[in-house]
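Have a look at the structure below before the remarks.
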Amino acid sequence: MRVVLLGPPGAGKGTQAQKLAEKLGIPQISTGELFRKNIQDGTKLGVEAKRYLDAGDLVPSDLTNQLVDDRLDQPDTAAGFILDGYPRSVEQAKALHEMLRRRDTDIDAVLEFRVSQDELLQRLKGRGRADDTDEVILNRMKVYRDETAPLLEFYDTEVKTVDAIGTLDEVFARALQALGK
């Protein structure tokens, strides 16, 4: 099963991705983790990504796409994967579609974890990070909405909405149900 997880910062995507990957016996692919591992290992892509990150810039899509494409070449992804944090734009979604087409497969499901803005504010402020001010959090939510609206349209028929308010186990049960598991 090949699954894309979408949701705003604080929706619990990373936690649910781990739980789903464990339950389904497939890897969780997080672009953040891919960047960290490639930087730590000193790969060519890692060195290039580090230049952007050190400058405080976003890593260009072509570089992110290459990292994901390389990860999809690993044997553990043959039975499927959970993508967490990718794609973030229609451009990346189209690149992913092409990567999977070359492997004669496609995305099986897109789960959108939905949480109210008030709940997200509380969750993110509760993390106690110094940079998580209301202004910064609200801006991150706006950026997410602006980026994700076109993505939801792109994946239209594959998107299943998951109510992400509740305990970890309640949200997990809803996610499994949305996947028909």
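Cβ coordinates come from backbone N, Cα and C, glycine included.
Record features, source Swiss-Prot:
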type	residues	note
BINDING	Gly10, Ala11, Gly12, Lys13, Gly14, Thr15, Arg127, Gly166	ATP binding site
REGION	30-59	region 'NMP'
BINDING	Thr31, Arg36, Asp57, Leu58, Val59, Gly85, Tyr86, Pro87, Arg88, Gln92, Arg129, Arg140	AMP binding site
REGION	126-132	region 'LID'
By DSSP, what is the split of the region 'NMP' (30-59) into helix, strand and coil residues? 22 helix, 1 strand, 7 coil
Looking at Cβ-Cβ distances, which residues of the chain lie under 8 angstroms from Tyr86 (AMP binding site) while being 6 or more apart from it? Val4, Ile29, Thr31, Thr64, Val68, Gln92, Leu96
Arg88 (AMP binding site) versus Gly166 (ATP binding site) - Cα distance in angstrom: 25
Under a three-state reading of DSSP, tell me whether Lys13 (ATP binding site) is helix, strand or coil. helix
Same-chain residues at least 6 positions away from Val59 (AMP binding site) with a Cβ under 8 Å from its Cβ, in sequence order, are Phe35, Ala49, Tyr52, Leu53
Just checking, which of Lys13, Arg88, Arg127 (binding-site residues) has the fewest C-beta atoms within 10 Å of its C-beta? Arg127
Hey, which of the binding-site residues Gly10, Gly12, Gly14, Gly166 is the loneliest by Cβ count within 10 Å? Gly166
Least surrounded among the binding-site residues, given as Thr15, Thr31, when other CB atoms within 10 Å are counted: Thr15
Gly10 (ATP binding site) to Asp57 (AMP binding site): how many Å between their Cα atoms? 22
In whole Å, how far does the CA atom of Gly12 (ATP binding site) lie from that of Arg88 (AMP binding site)? 16
Could you please provide the mean pLDDT value for the region 'LID' (126-132)? 67
Other C-beta atoms that fall within 10 angstroms of the C-beta of Asp57 (AMP binding site): 9
Taking the Cβ of Ala11 (ATP binding site) as the reference point, list residues of the same chain whose Cβ is under 8 angstroms away and which are at least six residues distant in sequence. Phe113, Arg114, Val115, Leu120, Ala164
Thr15 (ATP binding site) to Arg88 (AMP binding site): how many Å between their Cα atoms? 18
